[in-house]
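Chemist: According to TrEMBL, the region 'Disordered' annotation covers A:1-26. The compositional bias 'Pro residues' annotation in TrEMBL covers A:1-10. Residues or ranges marked as compositional bias 'Low complexity' by TrEMBL: A:13-26. Per TrEMBL, the feature domain 'Cytochrome oxidase subunit I profile' maps to A:29-539. TrEMBL lists A:47-68, A:88-109, A:130-150, A:170-198, A:210-238, A:270-289, A:296-315, A:321-344, A:365-387, A:399-423, A:435-456, A:476-502 with the feature transmembrane segment.
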Amino acid sequence: MAPKLPPQPPLEHSSAATAGGAAAHHAPPRGMLRWLLTTNHKEIGSLYLIFSLIMFFIGGIFALVVRAELFQPGLQLVNPEFFNQMTTMHGLIMVFAAVMPAFTGLANWMIPLQIGAPDMALPRLNNFSFWLLPVAFLLLLSTLLMPGGGPNFGWTFYAPLSTTFAPPSTTFFILSLHIAGISSILGAINIVATILNMRAPGMRMMDMPLFVWTWLITAFLLIAVMPVLAGVITMMLMDINFGTSFFNAAGGGDPVLFQHLFWFFGHPEVYIMILPAFGIVSAIIPTFARKPLFGYASMVYATASIALLSFLVWAHHMFVVGLPLVAELFFMYTTMLIAVPTGVKVFNWITTLFRGSITFEPPMLFALAFVVLFTIGGFSGLMLAIAPADFQYHDTYFVVAHFHYVLVPGAVFAIMAGVYYWLPKWTGHYPNVRLSQWHFWLSVIGVNLTFFPMHFSGLAGMPRRIPDYALQFADFNLVSSLGAFMFGASQLVFVAVVILCVRGGEKAPAKAWEGAEDLEWSVPSPAPLHTFETPPTFSPHVH
Amino acid sequence: MWSVIKSVLAAFFGVQKERQRRADFETGRPVVFIAVGVVMTLVLIGLVALVATLAAR
Amino acid sequence: MRTLLVWVAGCWTLAGLSPLALANGWNMPVGVTDLSREIYSLHMTIFWICVAIGVVVFGVMFYSLFRFRRSRGAKADNFHENTTVEVLWTAIPLLILVGMAVPATATLVKMYDASDAELDVMITGQQWRWRYEYLGEDVAFTSNMSTPRAQIRGEEARGEHYLLEVDEPLVLPTNRKVRFLMTADDVIHSWWVPDLAVKQDTIPGFINENWVNIDEPGIYRGQCAELCGMDHGFMPIVVHAMEGEEFDEWLAERKEAAAEEALGVDRDWELDELMERGEAVYGSICASCHQAEGQGAPPAFPSLAGNERLIEDVEWHVQTIVNGVSGTAMPAFRSTLNPVEIAAVATFTRNAWGNDTGDAVQPSEIAEQLAQ
Amino acid sequence: MSHEDHDARSRNPGVRRTVVRSVAALIGMFAFAFALVPLYDVFCRVTGINGKVDNTAQAVVHEGVDDSRYVTVQFITRGSSGLPWRMEVETRQVRVHPGQTSEVNFTFRNQSAEANWGRAVPSVSPSRASRHLRKVSCFCFDEQYLEAGERLELPLVFQLARDLPPDVNTVTLVYTLYPVTDARAPLRAQVTAGKGDEA
């Protein structure tokens, strides 16, 4: 998740080598300034990943406060007001500060290497969009210390709880989301410009690896959807401070309008968080099964159609808000129609395994765990699509279990698999296998211990976002809390693996994994700061 | 034009042959595919809305 | 090799757990209405379909992982496309889902038909309690959580229905169609009783409609299902369903009690009578914000103990209770408390915790002001 | 990798074109988010979703009274915090034929010691019936101004369209009183004051 590129060894070696022939090349600035002013996609990628890991731990601590309170019935640890702040901040930090920047970091690192480009299209913009993030999320975290407390209205910040009845720090919450939104938008523009214009000669759109394809679609989704989020929070700002009533029934507004606008952004957002994961897993499984990805064309086409279909399903988050019957049916049908072509992509990975020659290095372990556990999340998603049944599932822990299964063993495991897969390329060393396996098994057991009982507490009737619960939910929550602490602790093992891997470990050749075929493996490991100065000749091979 | 529509339908369904993919990428221009995709999405909205209104009656 | 076995064992226990889901308390309640049973069967159908697909999919996956291990000398094949297989495994789930859509649509259409109900009940979600009004019967009351705060803090043993008990349950007749009109006074809440399979958001400024026809008498408990602020987890719902005749008797009784309460407005009340009644009203409604000892939680909830403005200006004090304060969590109690309760709680707050102003606010004054 | 090469790459025409197109798309989507607000309002009015009722007076349509069926129209009035008014309706419910015009009186009483502005926000249930409810004249069309202690009786004249779906036999019309935030009230005050001060 966070390869700390050692400041010294690989850079000196690479810049010295490449600078040999060039004219007087001014040495890069030293120390902190170098990271502040870097326009190199590898350094910015590492910055994104380090930032994302730190935020992953902060969001994780908020989650552990929530789980510690829910360990037993009764209020032992926090008052309900602070508990709501913890659930809200956990959601916001994990979605906007941990998962999205992690994928952006992997994109910054790997897209130029996979398409044979020397760097991103707009390097200075790349630096700017990274350094917006620490600003945005320091501001967001500082709202916890403001009078009236931080945001306590859930990461979905429904009006009027988030407008008329919100704490005074809400304006800062809106400012921080604006800044984070701008950072994602600039990142997306950068990625689209790079992929469309800077591929190595000979590499046509159709020869691009799937990770690049999924990120191209994700970038288009980001460009289409982030402005809608910016619009919604601007309307919120005007409702709170300038006396408009977009979402205030008193002035002719409508709180349900907020939910429509938010989820019109919200659902493509969850696809933004899972498509890059599809890309990563589609790179890893063929490598370790030593067999080309099954149905590459179908994967590309299905991902492309998701970019359009994901805009038709948003109101399945609002089945109980009082939609008219026709709208309820419409969104039930569209949700079913889109769930199938997306879900069956899992079968492509499994068929890639069929009659392959499989080995179980750490990246493969995480990719396989992704396939199994993400599919379980997908099945609970199918159950939630049945609108009448959703009247019983909505806003209970069954929904919490669903989206955690698609996000934690889904997006987060895919990010970890990506990091394990590309660490040899970044650092020149293999990650320590023994420790990686410890990390894997602790995480898998921790994730299941935490989120599987939530299916049952949700079905049995436990609503979401409550700081205390009736006695019949006690055992499920006990197990969930234990699992949460176990999963949290096992991420420390991950940090150890990464640090050790950066420092040393078994040397990795350029082609670190026997089955790897993409362009990034033609560059030496550790990847020098400047690669593909002269565009590589690319010969398309069959997908 | 018909082949583009067929390709977009295949994309909605999620299955496509490698040969067809190669042909699509070699001949078609991306903006055409996007335009047809948007139009097909509108058609899909109309269809599903129709089914929903009929079912609601 | 060893990792694989442990891995396979882990995943199969997960799949094995699913039959456990049928046990009581682990699964969705079957419920006591036709709709809840239909929803339960939809839930179990889609559940078993998912388990079936899961078993097939994971079976193939683990078989491939086990059979085609490199360490077992598996040579990699090179096939990477077979659109007929892909068409099949997309078409089958699509057909299954379209098949599921038909019964789901039928159930949904039934859920939306709230016509010709015999009883209309208006449910209003407020920050952190529910208010029920039987339309046309002018019986109305507020239902507050009755679990003592001491149990929540762990100072006392927790009762059997911890956090799911109220002082005034919503009483409904069985085998009669009851139509719910739902709205909220402040933020979005959601009225949910799992056994009745009714969940509906209550949106401030808008009216939502739902209905229920309960088959069996009994007590059914539920909770607010939409985040609504500090005490979102502490505004339970208790529905007490009873036979039709029993319900009519109860309704008549309540109407009488309401009328009697209205009569009681004109006579002069003793200070301690008002204090005792006021303490009960304060405990169930005001304590959740202004705290049991009236110290409040500034800045959100002002302290009442030793509040000079309250002590000096009885007019402003009563005004605030009757009309609330716009844009804050202080609701208007004009339509939720009757004159006796308003007078009693005003008197109590003016004389408790050392505020002893000694004056008793008479219900007749409040009634006259309201009727003005 | 000197800075000139950086600039050379970003001046590559393809990159510039993509950036321009992306920024255009961004501005378009941001405008689209704000355009959704009026779009939502129009869509709700047309399809009657969410019980939104048209807040403009509609003429009576003389389409004859369908006396084959009765529809019960219920009225509910609700106050809200911050507006010391009391609102009552003379009759809790009326039974009307679709197509028949009827009138119901609502009384407003300002119970506070100073004059203020208030507005009644309507909502109809079931929401599919709101499209068939024509309000000829209604106090909810605009903000009301009441002096301290003033009592005001205002009529609601409405007509249920004949094409009201047959399965709808009860329509509930709920009015919620809301204070008009002072941001707008003084504006209205000059308007009425100008018209002579008996207000």
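Every residue gets a Cβ built from N, Cα and C, even glycine.
Each of the listed features needs to be described in terms of its position in the shown structure.
Modeler: With a cut-off of 8 Å between Cβ atoms, the residues of this chain six or more beyond the transmembrane segment (A:47-68) that come close are 1-4, 35, 38, 77-78, 83, 86-87, 89-90, 93-94, 97-99, 101-102, 104-106, 108-109, 130, 133-134, 137, 141, 412, 415, 419, 450, 480-481, 484-485, 488, 491, 495, 498.
Residues 1, 41-42, 44-49, 51-53, 55-56, 58-59, 62-63, 66, 120, 126, 133, 137, 140-141, 144, 150-157, 177, 180, 184, 187, 191, 211, 215, 218, 269, 272-273, 276-277, 280, 407, 411-412, 415, 418-419, 422, 426 of the same chain lie 6 or more positions beyond the ends of the transmembrane segment (A:88-109) yet place their CB under 8 Å from a CB of it.
Counting residues 6+ beyond its ends, the transmembrane segment (A:130-150) has Cβ neighbours under 8 Å at 36, 44, 47-48, 51, 55, 58, 81-82, 85, 88-89, 92-93, 96-97, 101, 167-169, 172-173, 175-177, 179-180, 182-183, 186 in the same chain.
Within the same chain, residues 103, 106-107, 110-111, 114-115, 157, 159, 162-163, 170-171, 174, 177-178, 181-182, 184-185, 187-189, 191-192, 195-196, 244, 246-247, 258, 261-262, 264-265, 268-269, 271-272, 275-276, 278-280, 282-283, 293, 296, 299-300, 303-304, 306-307, 310-311 sit at least 6 positions outside the transmembrane segment (A:210-238) and bring their C-beta atoms closer than 8 Å to a C-beta of that stretch.
Beyond its flanks by at least six residues, the transmembrane segment (A:365-387) meets 277, 280-281, 284-285, 288, 316, 319, 328-329, 331-332, 335-336, 339, 343, 346, 349-350, 393, 398-399, 401-407, 409-410, 413-414, 416-417, 420, 436-437, 440, 443-444, 447-448, 455 of its own chain at Cβ-Cβ distances under 8 Å.
Outside the transmembrane segment (A:435-456) by six or more residues, the chain places 67, 362, 365-366, 369, 373, 380, 397-398, 400-401, 404-405, 408-409, 413, 416, 420, 475-477, 479-480, 482-484, 486-491, 493-494, 496-497, 500 with a CB less than 8 A from a CB of the stretch.
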Chemist: Under an 8 Å Cβ to Cβ limit, what residues of the same chain, 6 or more beyond the ends of the transmembrane segment (A:296-315), are close to it?
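Modeler: Same-chain contacts beyond the ends: 210, 213-214, 217, 220-221, 224, 260, 263-264, 266-268, 271, 275, 278, 282, 323, 327-328, 330-331, 334-335, 337-338, 341-342, 345, 348, 543.
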